[in-house]
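Scroll down for the structure; my scribbles are underneath it.
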Amino acid sequence: MNNLAVFASGSGSNFQAIVDAIKQGQLDAKVVLLVCDKPNAFVLQRAEKEGIPYFLFNPKDYPNKTAYETIILANLQKLSIDYIVLAGYMRLIGETILSKYEEKIVNIHPSLLPAFPGKDAIGQALQAGVKVTGVTIHYVDEGMDTGTIIDQHAVSISPDDTKESLQKKVQEIEHQLYPSVLKRLLKKIVNT
Ligand code: GAR
């Protein structure tokens, strides 16, 4: 069985989808650790409810990324983490962690990358007036939402979609797609 660490900064609906998929036997893995950089993030309450330990840190308490990633890495290694799953973690992963988890870090992003990387991908899609956006799951490299694409799923945008309605449609797809891609990844049947 694979040990997962989920990194998240926000509500944690994807964290929950992964935990639920494991509980329902859809995914042969264990979420061993949540890493979070925001003290008010709702994902922390989800972790507490699920009895999953978390490492909460404030980047401002450290001189640089290497300093806090060194501590995160020590936690990951202590817990024998096999894969790092980014689920709304709004920071770039640095060399300290990347070099030890090559091809073992994945991210989900609410657009059809390479379109609309970075923050507020859903707002960016609405602003651009595109008729189709979607969800991308990709390996993580040093860039912002770059890295080899593992899977994508399109979501159509209706003329009356608001940011809220589009986010709801996108997240419904995310909650299905992330567990199913992780399942294939852990079984090593992902083609990129
Ligand atoms: C998700 O929609 C995820 O795709 C996005 O943050 C949201 C987190 O939601 N990630 C990015 O934008 C990464 N650049 P959640 O906290 O409810 O899982």
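Just so you know, glycine gets a Cβ as well, placed from its N, Cα and C.
Please treat TrEMBL annotations as automatic predictions, because they have not gone through curation.
TrEMBL lists 3-182 with the feature domain 'Formyl transferase N-terminal'.
Feature annotation from TrEMBL assigns N(1)-(5-phospho-beta-D-ribosyl)glycinamide binding site to GLY12, SER13, ASN14. Annotation note: GLY12 (N(1)-(5-phospho-beta-D-ribosyl)glycinamide binding site) sits in a coil segment as assigned by DSSP. Residue environment of GLY12 (N(1)-(5-phospho-beta-D-ribosyl)glycinamide binding site) contains 23 other Cβ atoms, counted within 10 Å of its Cβ in all protein chains.
The annotation (6R)-10-formyltetrahydrofolate binding site is assigned in TrEMBL to LYS65, MET90, ARG91, LEU92, ILE93, ASN107. Counted within 10 Å of its Cβ, the other Cβ atoms near LYS65 ((6R)-10-formyltetrahydrofolate binding site) come to 16, all protein chains included.
Counted within 10 Å of its Cβ, the other Cβ atoms near HIS109 (active site, proton donor) come to 25, all protein chains included. Residues or ranges marked as active site, proton donor by TrEMBL: HIS109.
Sequence-distant contacts (6 or more apart, same chain, Cβ under 8 Å) of ASP145 (site 'Raises pKa of active site His') comprise ASN107, HIS109, LEU113, PRO114, PRO117, GLY118, THR136, HIS138. According to TrEMBL, the site 'Raises pKa of active site His' annotation covers ASP145.
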Top Cα neighbour of ASN14 (N(1)-(5-phospho-beta-D-ribosyl)glycinamide binding site) in the set of binding-site residues LYS65, MET90, ARG91, LEU92:
MET90
Report the nearest neighbour of SER13 (N(1)-(5-phospho-beta-D-ribosyl)glycinamide binding site) in space among the binding-site residues LYS65, MET90, ARG91, comparing Cα positions.
MET90
Coarse DSSP state, helix versus strand versus coil, of LYS65 ((6R)-10-formyltetrahydrofolate binding site):
helix
Using the structure shown, find which entry in SER13, ASN14, ASN107 (the binding-site residues) has the sparsest Cβ neighbourhood within 10 Å.
SER13
Tell me which binding-site residues (SER13, LEU92, ILE93) have a Cβ under 6 A from ligand 1; sequence order is fine.
SER13
Counting Cβ atoms within 10 Å across all protein chains shown, which of the binding-site residues MET90, ARG91, LEU92, ILE93 comes out on top?
ILE93
